[in-house]
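**Student:** So Swiss-Prot has the following annotated:
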DISULFID  Cys100-Cys192  disulfide bond
TOPO_DOM  1-28  topological domain 'Extracellular'
TOPO_DOM  53-60  topological domain 'Cytoplasmic'
TOPO_DOM  83-103  topological domain 'Extracellular'
TOPO_DOM  124-142  topological domain 'Cytoplasmic'
TOPO_DOM  162-198  topological domain 'Extracellular'
TOPO_DOM  223-239  topological domain 'Cytoplasmic'
TOPO_DOM  263-275  topological domain 'Extracellular'
TOPO_DOM  296-315  topological domain 'Cytoplasmic'
TRANSMEM  29-52  transmembrane segment
TRANSMEM  61-82  transmembrane segment
TRANSMEM  104-123  transmembrane segment
TRANSMEM  143-161  transmembrane segment
TRANSMEM  199-222  transmembrane segment
TRANSMEM  240-262  transmembrane segment
TRANSMEM  276-295  transmembrane segment
Amino acid sequence: MSITKAWNSSSVTMFILLGFTDHPELQALLFVTFLGIYLTTLAWNLALIFLIRGDTHLHTPMYFFLSNLSFIDICYSSAVAPNMLTDFFWEQKTISFVGCAAQFFFFVGMGLSECLLLTAMAYDRYAAISSPLLYPTIMTQGLCTRMVVGAYVGGFLSSLIQASSIFRLHFCGPNIINHFFCDLPPVLALSCSDTFLSQVVNFLVVVTVGGTSFLQLLISYGYIVSAVLKIPSAEGRWKACNTCASHLMVVTLLFGTALFVYLRPSSSYLLGRDKVVSVFYSLVIPMLNPLIYSLRNKEIKDALWKVLERKKVFS
(Lines of atoms letter the chains of each structure in order from A and count residues from 1; the text may use other names and numbers.)
(Lines give C-alpha, C1' and ligand atoms only; values in the text may rest on other atoms or scores of the structure.)
Protein backbone atom coordinates (compact mmCIF):
# COMPACT_ATOMS: atom_id res chain seq x y z
CA MET A 1 0.00 0.00 0.00
CA SER A 2 1.36 3.44 -0.91
CA ILE A 3 1.68 6.24 1.63
CA THR A 4 -1.13 8.18 -0.09
CA LYS A 5 -3.47 5.16 0.08
CA ALA A 6 -2.50 4.57 3.69
CA TRP A 7 -3.32 8.21 4.44
CA ASN A 8 -6.74 7.82 2.81
CA SER A 9 -7.50 4.58 4.70
CA SER A 10 -6.24 5.77 8.10
CA SER A 11 -8.63 7.57 10.43
CA VAL A 12 -5.67 9.65 11.65
CA THR A 13 -4.93 12.51 9.24
CA MET A 14 -2.53 14.39 11.49
CA PHE A 15 -0.31 13.79 14.48
CA ILE A 16 0.25 15.86 17.61
CA LEU A 17 3.88 16.21 18.73
CA LEU A 18 4.25 16.59 22.49
CA GLY A 19 7.77 17.99 22.22
CA PHE A 20 9.84 18.30 25.40
CA THR A 21 7.86 20.02 28.13
CA ASP A 22 4.76 22.11 28.88
CA HIS A 23 6.51 24.40 31.37
CA PRO A 24 6.88 27.92 29.85
CA GLU A 25 10.19 28.60 31.64
CA LEU A 26 11.77 25.41 30.36
CA GLN A 27 10.33 25.97 26.89
CA ALA A 28 12.02 29.37 26.65
CA LEU A 29 15.35 27.91 27.78
CA LEU A 30 15.10 24.96 25.38
CA PHE A 31 14.13 27.23 22.49
CA VAL A 32 17.18 29.46 23.00
CA THR A 33 19.45 26.41 23.42
CA PHE A 34 18.23 24.60 20.31
CA LEU A 35 18.16 27.78 18.24
CA GLY A 36 21.79 28.39 19.21
CA ILE A 37 22.73 24.81 18.28
CA TYR A 38 20.96 25.04 14.91
CA LEU A 39 22.43 28.44 14.00
CA THR A 40 25.91 27.20 14.98
CA THR A 41 25.35 24.13 12.78
CA LEU A 42 24.41 26.30 9.81
CA ALA A 43 27.25 28.79 10.38
CA TRP A 44 30.05 26.24 10.84
CA ASN A 45 28.99 23.91 8.03
CA LEU A 46 28.36 26.73 5.53
CA ALA A 47 31.70 28.31 6.48
CA LEU A 48 33.45 24.99 5.90
CA ILE A 49 31.78 24.53 2.50
CA PHE A 50 32.70 28.05 1.33
CA LEU A 51 36.22 27.70 2.75
CA ILE A 52 36.80 24.47 0.81
CA ARG A 53 35.28 25.86 -2.39
CA GLY A 54 37.27 29.08 -2.14
CA ASP A 55 40.74 27.63 -1.49
CA THR A 56 42.35 25.74 -4.39
CA HIS A 57 44.68 23.92 -1.96
CA LEU A 58 41.59 22.20 -0.54
CA HIS A 59 40.34 20.93 -3.91
CA THR A 60 41.27 17.34 -3.08
CA PRO A 61 39.14 14.18 -2.63
CA MET A 62 39.30 14.40 1.17
CA TYR A 63 37.86 17.92 1.25
CA PHE A 64 35.38 17.16 -1.53
CA PHE A 65 33.93 14.48 0.75
CA LEU A 66 34.13 16.82 3.74
CA SER A 67 32.16 19.56 1.96
CA ASN A 68 29.47 16.99 1.10
CA LEU A 69 29.42 15.88 4.75
CA SER A 70 28.79 19.50 5.76
CA PHE A 71 25.97 19.76 3.20
CA ILE A 72 24.39 16.56 4.55
CA ASP A 73 24.68 17.84 8.13
CA ILE A 74 22.87 21.06 7.19
CA CYS A 75 20.04 19.13 5.51
CA TYR A 76 19.98 16.48 8.24
CA SER A 77 19.44 18.96 11.08
CA SER A 78 17.11 21.10 8.92
CA ALA A 79 14.75 18.13 8.58
CA VAL A 80 14.05 18.45 12.31
CA ALA A 81 15.14 21.81 13.76
CA PRO A 82 12.94 24.41 11.96
CA ASN A 83 9.70 22.55 12.65
CA MET A 84 10.76 21.80 16.24
CA LEU A 85 11.66 25.45 16.90
CA THR A 86 8.36 26.82 15.54
CA ASP A 87 6.45 24.26 17.64
CA PHE A 88 7.65 26.04 20.79
CA PHE A 89 5.25 28.90 19.89
CA TRP A 90 2.18 26.68 19.42
CA GLU A 91 0.03 25.21 22.17
CA GLN A 92 -0.93 22.28 19.92
CA LYS A 93 2.01 21.06 17.85
CA THR A 94 0.45 19.31 14.87
CA ILE A 95 1.93 17.75 11.74
CA SER A 96 -0.03 16.18 8.88
CA PHE A 97 0.21 12.47 8.07
CA VAL A 98 2.00 13.23 4.78
CA GLY A 99 4.18 15.85 6.47
CA CYS A 100 5.22 13.32 9.10
CA ALA A 101 6.07 10.75 6.40
CA ALA A 102 8.05 13.37 4.45
CA GLN A 103 10.00 14.45 7.54
CA PHE A 104 10.86 10.85 8.38
CA PHE A 105 11.89 10.06 4.78
CA PHE A 106 14.13 13.11 4.45
CA PHE A 107 15.70 12.78 7.91
CA VAL A 108 16.47 9.06 7.58
CA GLY A 109 17.60 9.50 3.96
CA MET A 110 20.16 12.10 4.98
CA GLY A 111 21.27 10.02 7.96
CA LEU A 112 21.85 6.89 5.88
CA SER A 113 23.59 8.95 3.18
CA GLU A 114 25.96 10.23 5.87
CA CYS A 115 26.73 6.64 6.95
CA LEU A 116 27.62 5.70 3.37
CA LEU A 117 29.62 8.90 2.85
CA LEU A 118 31.68 8.22 5.98
CA THR A 119 32.51 4.80 4.51
CA ALA A 120 33.73 6.49 1.32
CA MET A 121 35.81 8.91 3.41
CA ALA A 122 37.42 5.99 5.25
CA TYR A 123 38.35 4.37 1.93
CA ASP A 124 39.82 7.70 0.78
CA ARG A 125 42.01 7.91 3.91
CA TYR A 126 43.08 4.29 3.48
CA ALA A 127 44.11 4.94 -0.14
CA ALA A 128 45.98 8.12 0.85
CA ILE A 129 47.93 6.48 3.68
CA SER A 130 48.59 3.01 2.25
CA SER A 131 49.36 4.06 -1.37
CA PRO A 132 50.42 7.74 -1.34
CA LEU A 133 52.16 7.54 -4.74
CA LEU A 134 49.17 5.90 -6.45
CA TYR A 135 46.59 7.98 -4.56
CA PRO A 136 45.96 10.54 -7.38
CA THR A 137 45.31 7.75 -9.89
CA ILE A 138 43.09 5.80 -7.47
CA MET A 139 40.91 8.64 -6.15
CA THR A 140 40.05 10.36 -9.42
CA GLN A 141 37.42 13.08 -9.63
CA GLY A 142 35.09 10.70 -11.45
CA LEU A 143 35.37 8.03 -8.75
CA CYS A 144 34.82 10.57 -5.97
CA THR A 145 31.70 11.92 -7.69
CA ARG A 146 30.32 8.41 -8.20
CA MET A 147 30.95 7.56 -4.55
CA VAL A 148 29.11 10.67 -3.35
CA VAL A 149 26.18 10.13 -5.75
CA GLY A 150 26.07 6.48 -4.66
CA ALA A 151 25.88 7.56 -1.01
CA TYR A 152 22.88 9.81 -1.71
CA VAL A 153 21.08 7.26 -3.91
CA GLY A 154 21.72 4.39 -1.49
CA GLY A 155 20.64 6.48 1.50
CA PHE A 156 17.38 7.71 0.01
CA LEU A 157 16.41 4.38 -1.57
CA SER A 158 16.86 2.72 1.83
CA SER A 159 14.87 5.52 3.47
CA LEU A 160 12.07 5.06 0.92
CA ILE A 161 11.85 1.37 1.84
CA GLN A 162 11.68 2.23 5.56
CA ALA A 163 9.14 5.03 5.13
CA SER A 164 6.92 2.87 2.90
CA SER A 165 6.96 -0.01 5.39
CA ILE A 166 5.89 2.28 8.26
CA PHE A 167 3.44 4.71 6.70
CA ARG A 168 1.54 2.03 4.76
CA LEU A 169 0.29 0.85 8.18
CA HIS A 170 -3.15 1.79 9.50
CA PHE A 171 -3.30 4.54 12.14
CA CYS A 172 -6.68 4.72 13.88
CA GLY A 173 -5.73 6.63 17.03
CA PRO A 174 -4.41 7.83 19.37
CA ASN A 175 -2.44 10.31 17.28
CA ILE A 176 -0.16 11.76 19.96
CA ILE A 177 3.59 11.32 19.30
CA ASN A 178 5.53 11.73 22.53
CA HIS A 179 8.54 13.15 20.73
CA PHE A 180 9.71 16.36 19.06
CA PHE A 181 9.73 14.94 15.51
CA CYS A 182 8.48 11.94 13.52
CA ASP A 183 11.08 9.38 14.50
CA LEU A 184 10.64 5.65 13.91
CA PRO A 185 9.99 4.18 17.42
CA PRO A 186 7.25 6.61 18.60
CA VAL A 187 5.45 6.60 15.22
CA LEU A 188 5.52 2.82 14.95
CA ALA A 189 4.05 2.56 18.46
CA LEU A 190 0.88 4.37 17.31
CA SER A 191 -0.05 1.96 14.52
CA CYS A 192 -3.18 -0.17 14.85
CA SER A 193 -1.74 -2.72 12.40
CA ASP A 194 0.66 -5.58 13.08
CA THR A 195 4.08 -3.90 13.02
CA PHE A 196 6.18 -7.08 12.92
CA LEU A 197 6.96 -6.83 9.18
CA SER A 198 7.80 -3.11 9.48
CA GLN A 199 10.15 -3.82 12.36
CA VAL A 200 11.84 -6.59 10.34
CA VAL A 201 12.23 -4.22 7.35
CA ASN A 202 13.67 -1.52 9.63
CA PHE A 203 16.10 -4.01 11.18
CA LEU A 204 17.25 -5.26 7.76
CA VAL A 205 17.75 -1.73 6.39
CA VAL A 206 19.68 -0.55 9.45
CA VAL A 207 21.85 -3.68 9.50
CA THR A 208 22.42 -3.63 5.72
CA VAL A 209 23.28 0.06 5.45
CA GLY A 210 24.36 1.09 8.95
CA GLY A 211 25.82 -2.20 10.17
CA THR A 212 27.63 -2.99 6.92
CA SER A 213 29.00 0.56 6.70
CA PHE A 214 30.21 0.35 10.29
CA LEU A 215 31.90 -3.01 9.63
CA GLN A 216 33.58 -1.64 6.49
CA LEU A 217 34.74 1.36 8.49
CA LEU A 218 36.29 -0.85 11.16
CA ILE A 219 38.09 -2.93 8.51
CA SER A 220 39.30 0.22 6.72
CA TYR A 221 40.62 1.75 9.93
CA GLY A 222 42.29 -1.53 10.84
CA TYR A 223 44.24 -1.34 7.57
CA ILE A 224 44.87 2.37 8.16
CA VAL A 225 46.39 1.76 11.61
CA SER A 226 48.60 -0.94 10.11
CA ALA A 227 49.71 1.45 7.32
CA VAL A 228 50.30 4.35 9.76
CA LEU A 229 52.64 2.23 11.87
CA LYS A 230 54.78 1.64 8.78
CA ILE A 231 55.26 5.37 8.05
CA PRO A 232 58.96 6.10 8.77
CA SER A 233 58.73 9.74 9.88
CA ALA A 234 57.16 10.72 13.20
CA GLU A 235 55.64 13.84 11.58
CA GLY A 236 53.95 11.72 8.91
CA ARG A 237 52.55 9.34 11.52
CA TRP A 238 51.26 12.27 13.59
CA LYS A 239 49.52 13.88 10.60
CA ALA A 240 47.90 10.60 9.56
CA CYS A 241 46.78 9.86 13.14
CA ASN A 242 45.34 13.37 13.51
CA THR A 243 43.18 13.01 10.39
CA CYS A 244 42.03 9.49 11.28
CA ALA A 245 41.24 10.46 14.89
CA SER A 246 38.80 13.10 13.59
CA HIS A 247 37.11 10.56 11.32
CA LEU A 248 36.89 7.97 14.10
CA MET A 249 35.36 10.48 16.50
CA VAL A 250 32.61 11.38 14.00
CA VAL A 251 31.98 7.71 13.16
CA THR A 252 31.72 6.68 16.82
CA LEU A 253 29.30 9.50 17.68
CA LEU A 254 26.97 8.93 14.73
CA PHE A 255 26.90 5.14 14.58
CA GLY A 256 26.87 4.69 18.36
CA THR A 257 23.74 6.80 18.90
CA ALA A 258 21.90 5.80 15.70
CA LEU A 259 22.40 2.05 16.13
CA PHE A 260 21.34 2.38 19.78
CA VAL A 261 17.98 3.86 18.75
CA TYR A 262 17.16 1.94 15.57
CA LEU A 263 18.36 -1.58 16.41
CA ARG A 264 16.33 -2.01 19.59
CA PRO A 265 12.84 -3.53 19.79
CA SER A 266 10.08 -0.94 20.21
CA SER A 267 9.23 -2.43 23.63
CA SER A 268 12.52 -1.11 25.06
CA TYR A 269 11.81 2.50 24.00
CA LEU A 270 12.09 4.89 26.99
CA LEU A 271 10.66 8.33 26.25
CA GLY A 272 12.85 10.60 28.38
CA ARG A 273 16.16 8.88 27.70
CA ASP A 274 15.54 8.38 23.99
CA LYS A 275 14.54 12.02 23.47
CA VAL A 276 17.94 13.05 24.81
CA VAL A 277 19.68 10.55 22.52
CA SER A 278 17.60 11.84 19.58
CA VAL A 279 18.66 15.42 20.33
CA PHE A 280 22.26 14.26 20.26
CA TYR A 281 22.20 12.50 16.87
CA SER A 282 19.76 14.87 15.14
CA LEU A 283 21.07 18.26 16.36
CA VAL A 284 24.32 18.02 18.32
CA ILE A 285 26.34 15.75 15.99
CA PRO A 286 25.74 17.93 12.87
CA MET A 287 27.04 20.88 14.91
CA LEU A 288 30.10 18.98 16.21
CA ASN A 289 31.23 17.47 12.90
CA PRO A 290 32.73 20.66 11.37
CA LEU A 291 34.27 21.60 14.72
CA ILE A 292 35.95 18.20 15.04
CA TYR A 293 37.38 18.37 11.52
CA SER A 294 38.37 22.04 11.72
CA LEU A 295 40.08 22.07 15.11
CA ARG A 296 42.25 19.06 14.28
CA ASN A 297 43.09 19.99 10.69
CA LYS A 298 46.08 22.18 9.82
CA GLU A 299 45.00 22.79 6.19
CA ILE A 300 41.58 24.05 7.30
CA LYS A 301 43.18 26.32 9.90
CA ASP A 302 45.62 27.70 7.30
CA ALA A 303 42.80 28.37 4.82
CA LEU A 304 40.78 30.14 7.52
CA TRP A 305 43.82 32.21 8.51
CA LYS A 306 44.28 33.29 4.86
CA VAL A 307 40.67 34.48 4.72
CA LEU A 308 41.07 36.44 7.96
CA GLU A 309 44.34 37.98 6.75
CA ARG A 310 42.68 38.96 3.47
CA LYS A 311 39.87 40.68 5.36
CA LYS A 312 42.41 42.63 7.42
CA VAL A 313 44.09 43.86 4.25
CA PHE A 314 40.80 45.10 2.74
CA SER A 315 39.42 46.56 5.98
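Placement of Cβ uses the backbone N, Cα and C atoms for every residue, glycine included.
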**Student:** What mean pLDDT does the predicted model reach across the topological domain 'Cytoplasmic' (53-60)?
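**Tutor:** Mean pLDDT, the topological domain 'Cytoplasmic' (53-60): 89.
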**Student:** Counting Cβ pairs closer than 8 Å, which of 104-123, 143-161, 199-222, 240-262, 276-295 has the most of them with the transmembrane segment (29-52)?
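**Tutor:** Ranking 104-123, 143-161, 199-222, 240-262, 276-295 by Cβ pairs under 8 Å to the transmembrane segment (29-52) puts 276-295 first.
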**Student:** How many other Cβ atoms are found within 10 Å of the Cβ atom of Cys192 (disulfide bond), counting all protein chains shown?
**Tutor:** 13
**Student:** Same chain only, sequence gap of 6 or more: which residues have a CB within under 8 Å of the CB of Cys100 (disulfide bond)?
**Tutor:** Phe15, Phe167, Ile177, Cys182, Val187
**Student:** Does the transmembrane segment (143-161) come close to the transmembrane segment (240-262), meaning at least 3 CB pairs under 8 Å for residues 6 or more apart?
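**Tutor:** Since fewer than 3 Cβ pairs under 8 Å link them, the transmembrane segment (240-262) and the transmembrane segment (143-161) do not come into contact.
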**Student:** Taking helix as H, G and I and strand as E and B in DSSP, count the residues of the topological domain 'Cytoplasmic' (53-60) in helix, strand and coil.
**Tutor:** 5 helix, 0 strand, 3 coil
**Student:** Determine which recorded stretch among 104-123, 143-161, 276-295 has the most C-beta pairs below 8 angstroms with the transmembrane segment (199-222).
**Tutor:** 104-123
**Student:** Per DSSP, Cys192 (disulfide bond) is which: helix, strand or coil?
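**Tutor:** In the DSSP reduction, Cys192 (disulfide bond) maps to coil.
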